């Protein structure tokens, strides 16, 4: 009787169901009789509706399907021989030790009087399947996450969220954001905004279909111009702003401006774009490609607008050279096209005229007033009033960093950046918060901290409901759910979700240790390591055990030590 119960299928997926007690102890006829009995009880695995018709017999070990019991029996003999862990009681073999241990509890609990008894609480059951389900109740108490609505417990939070959506849906008052189109309600505002994009796309399709009407097949015939020719030349019109396009793909790409959709993502940094040309132009930053060369000087540019801005420098230089002839140079005769036109004298070279009496001192033709932009950048065409501003700007193109930190040797392109960096070593924090008194080394950090005192948190994560005061914090937090890691180390290829983690990781390759201990000569790459190290110098405030008097450097070691006294 016991051996026959061991051959029953184990419910709920705790162990694989079995059809044979040994590799070669039963014939196909015996197996067929046993299978018919199991089918009458409704416990056969082959009766599952999820299995393919015609191949209803499945192996309990490798999950393969077979058209008949004989083929399954022949396969099971070979499959069981490969399983490494046999049961000493009935000969059944298992692939994993936990399944064998659970199976042996069935033999230990089976008695002729009480049936199957639980070895934890002593409760007895008629069948071993009920015992296995009961053992699951004991293991459920070890699960750390409990449902707040019922007594069920889970190993992971995503299992709890799925359980809450399925068994405990939120009440209507807990979902205050209602869609005006379909009446669907949401708990978070961001979820409603994302849902409304579906209706926007549908409305655009319907409006475009009504405006255009049924279009004839084939290429339209060329007709004479008629009123409303723009509608003929640009038949595809946006239903939101009225802008018209010649081709439907252009309209589809334009509609993403209204819907907020950005389907084109950069594989290097994760930034998203509405159109593929924007992505192509952006990727040149990573590849270093510069396809637009200057015909005058040969300098290459990444984007065409930068080339056009740069070409103006050559035009201005040519114009100034033509407008400023030498003092003794002869006057060239004007060409046939230039003779009728009046020459345009340059303003700086034109002699100043005497102002009429009563004229204001700021006369437009006053030669003393120079143009505001005197110094232009040869790379991008930007102009500056002072030469030092131009030199500071040109460091962005050349990569020059003349300001070096005396503590760690790090270089900077601007002196203000060096001053802000030096506060890391000195510990100076001149910017203080008026609300809580907290101090910061940079003004931008203080400005970001002041928003923490604001009562509202408008940016809500649609996955877990966590709220943030700043949109970049929400974007960085959402990478936890999406698993996106856009920041890649160029030395080893390891990827990170936060840029600060990449900066901290790169110190492993560079050997940089910016955090130095003021009490000794040691330095550290992480600030947390410096804080832990400095506790070793603080002997007066060390963590002391009140029972034996032993001291420790940190509180965690003291708590671990005190557990020995509790035992």
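Positions of Cβ are set from backbone N, Cα and C atoms, glycine also.
According to Swiss-Prot, the features are:
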type: COMPBIAS; residues: 345-362; note: compositional bias 'Pro residues'
type: MOD_RES; residues: 27; note: phosphoserine
type: MOD_RES; residues: 30; note: phosphothreonine
type: REGION; residues: 17-52; note: region 'Disordered'
type: REGION; residues: 305-372; note: region 'Disordered'
type: ZN_FING; residues: 57-79; note: zinc finger
type: ZN_FING; residues: 85-107; note: zinc finger
type: ZN_FING; residues: 116-138; note: zinc finger
type: ZN_FING; residues: 145-168; note: zinc finger
type: ZN_FING; residues: 236-258; note: zinc finger
type: ZN_FING; residues: 264-286; note: zinc finger
type: ZN_FING; residues: 292-314; note: zinc finger
type: ZN_FING; residues: 375-397; note: zinc finger
type: ZN_FING; residues: 403-425; note: zinc finger
type: ZN_FING; residues: 431-453; note: zinc finger
type: ZN_FING; residues: 487-509; note: zinc finger
type: ZN_FING; residues: 543-565; note: zinc finger
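Using a Cβ-Cβ cut-off under 8 Å and counting only residues 6 or more beyond its ends in the same chain, the zinc finger (145-168) has no close neighbours at all.
Across the range of the zinc finger (543-565), the DSSP-based residue counts are 11 helix, 4 strand, 8 coil. Secondary structure counts, DSSP: the zinc finger (116-138) has 11 helix, 4 strand, 8 coil. Helix, strand and coil counts from DSSP across the zinc finger (85-107) read 11 helix, 4 strand, 8 coil. Outside the zinc finger (264-286) by six or more residues, the chain places 253, 256-257, 302-303, 484, 486-488 with a CB less than 8 A from a CB of the stretch.
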